[in-house]
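Okay, so here's the structure we're looking at.
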């Protein structure tokens, strides 16, 4: 919903009324505490991963460089949305100014689109590590890694700007729920699909092609132990990509007329909050390098 300021022959949206989740008032405090705990754990988990990668020289490799960037992106786009959600759960006033909504959406899209392409870059890193292990450090040079991350960021900035400009030309406007607009949204639906294709399907297709080649290379390894080790290096990345891409693809690539606000809330919650919460766990729980880095940085390794 939105509040409108009217002038002669013109109407301007001044703020949006956030409907939130359809829950009873009794469950609101529990929901607030749950999201607060998850957000604090997101900050702790992703922050520790980023700090470890910076402090421990053994983690100064292309793979961990990309994981560090992923952790910073997760911190960024959850911080764009979750504090606002917590504030509205705790407050009677459940509105957001129009320009704040635009800024929040743009920053969120920049970080989310950048992350989508970062996953494709990380799959290239895995391909080089498995298929060209002797040339890995030469091919994946710091210069090339930096250029690829800059490409992801620029693509995110440009794509988010296009999406935001088209969405804001609607006469209300809530871009994530285009069906609420009081105008024909068919053009925006097409823009949604094209952008969804370029920021979700293209990187996802690239990931699938790369992993197809990785699987072929792994099957050529003679020992079962070698195959298992190669597959295990890719398992974390595949899991994280699936958690992020599938909900985002369902949400952003279906027409606004077919969108369900309740469905979209759950999907957005999953790929925004839950995936950012699970990413550090997935990348560190069975990762011996990260565990050793913790021991080295804290000094516990010397004591042991």
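A Cβ is built for glycine as well, from the same backbone N, Cα and C atoms used for every other residue.
Remember, TrEMBL labels are computer predictions, not curated facts.
Noted in TrEMBL for the protein shown:
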- 45-283: domain 'G-protein coupled receptors family 1 profile' (DOMAIN)
- 30-55: transmembrane segment (TRANSMEM)
- 62-82: transmembrane segment (TRANSMEM)
- 102-122: transmembrane segment (TRANSMEM)
- 143-166: transmembrane segment (TRANSMEM)
- 193-219: transmembrane segment (TRANSMEM)
- 231-253: transmembrane segment (TRANSMEM)
- 268-286: transmembrane segment (TRANSMEM)
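Just going by CB pairs under 8 A, the stretch in 62-82, 102-122, 143-166, 231-253, 268-286 that sits most against the transmembrane segment (30-55) is 62-82. Here the transmembrane segment (268-286) sits against the transmembrane segment (62-82); at least 3 CB pairs are under 8 Å, leaving out pairs fewer than 6 apart in sequence. The average pLDDT computed over the domain 'G-protein coupled receptors family 1 profile' (45-283) stands at 80.
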